[in-house]
Amino acid sequence: MWSGGNPVVSDLCSTVVSAGVIFAFLQLWKETAKHGLDQKLNRKLVHISIGLVFMLCWPMFSSGNRGALLAAITPGVNIIRMLLIGSGMWKDEATVKSMSRFGDHRELLKGPLYYVLTITGACAVYWRTSPIAIAAICNLCAGDGMADIVGRRFGRQKIPYNKNKSVAGSAAMAISGFVASVGFMHYLAAFGYVQESWEMILGFLVVSLASSFVESLPISTELDDNLTVTLTSILLGNLVF
């Protein structure tokens, strides 16, 4: 795409561009956190945007393993970043504030780490030809992110088996994860990477509903939503796609 004839150079250029795009978004959310945007909202805006914006960059890369692995470098670097900041070896209060619930750097070793592991794995293992990658990232980013935002604003009616979750939040998660999955199916199909079908859409619906249900369970709160949603999307995705 960038070099005219050399696919390796083109993929390297795509890696730099995608990393620059993600870095710009991370800097944006660090600045909004510094300037007083509600910490919970800011954290979920990071959660929603980063993975989805990264998926928009996938068509820049070549097909095959090289493109997938080079694309995975950007989230892979952030695995190291989460480990360093979360362990306290690297001080970055703005990142901690933008990604943690309570301002504790150790929180980055759970949800944020699971988040970048999911995106890295979906990219390197499944890549852009797989609906499993689409479902995993869309339910994690759009689904889980919107569940929290909507649940906090409209979640007066709680789920009977988990008073920490709301009907509105769970519904928002299922809808958002499903709509984002279908949207990215159309986006990647426009480049010829996936074949649009009603069967795939039905699969996305099943995975989004199941992910929303699992996210509503008390065990998701104990383990971490980012982990349980990802596992549900991947395990069920392997069955329905």
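Cβ coordinates come from backbone N, Cα and C, glycine included.
The model shown is predicted, which means the values in this text are computed figures rather than measured ones.
Positions annotated as transmembrane segment by TrEMBL: 12-29, 41-61, 67-90, 111-127, 133-150, 171-194.
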Note = With the cut-off at Cβ under 8 Å and a gap of six or more residues from its ends, the chain residues touching the transmembrane segment (41-61) are 1, 11, 14-15, 17-18, 21-22, 25-26, 29, 32-33, 67-68, 70-71, 74-75, 97-101, 115, 118-119, 123, 127-128, 134, 137-138, 140-142, 144-146, 148-149, 180, 184, 187-188, 191, 193
Query = Can you say which of 67-90, 111-127, 133-150, 171-194 has the most Cβ pairs under 8 Å with the transmembrane segment (12-29)?
reply = 67-90
Inquiry  = Can you tell me which parts of the same chain pack against the transmembrane segment (133-150), counting only residues 6+ beyond its ends and a CB-CB cutoff under 8 A?
reply    = 40-41, 44-45, 47-52, 55, 115, 118-119, 122-123, 125-127, 168-181, 184-185, 188, 194, 203-204, 207-208, 211-212, 215, 225-226, 229-230, 232-234, 237, 241
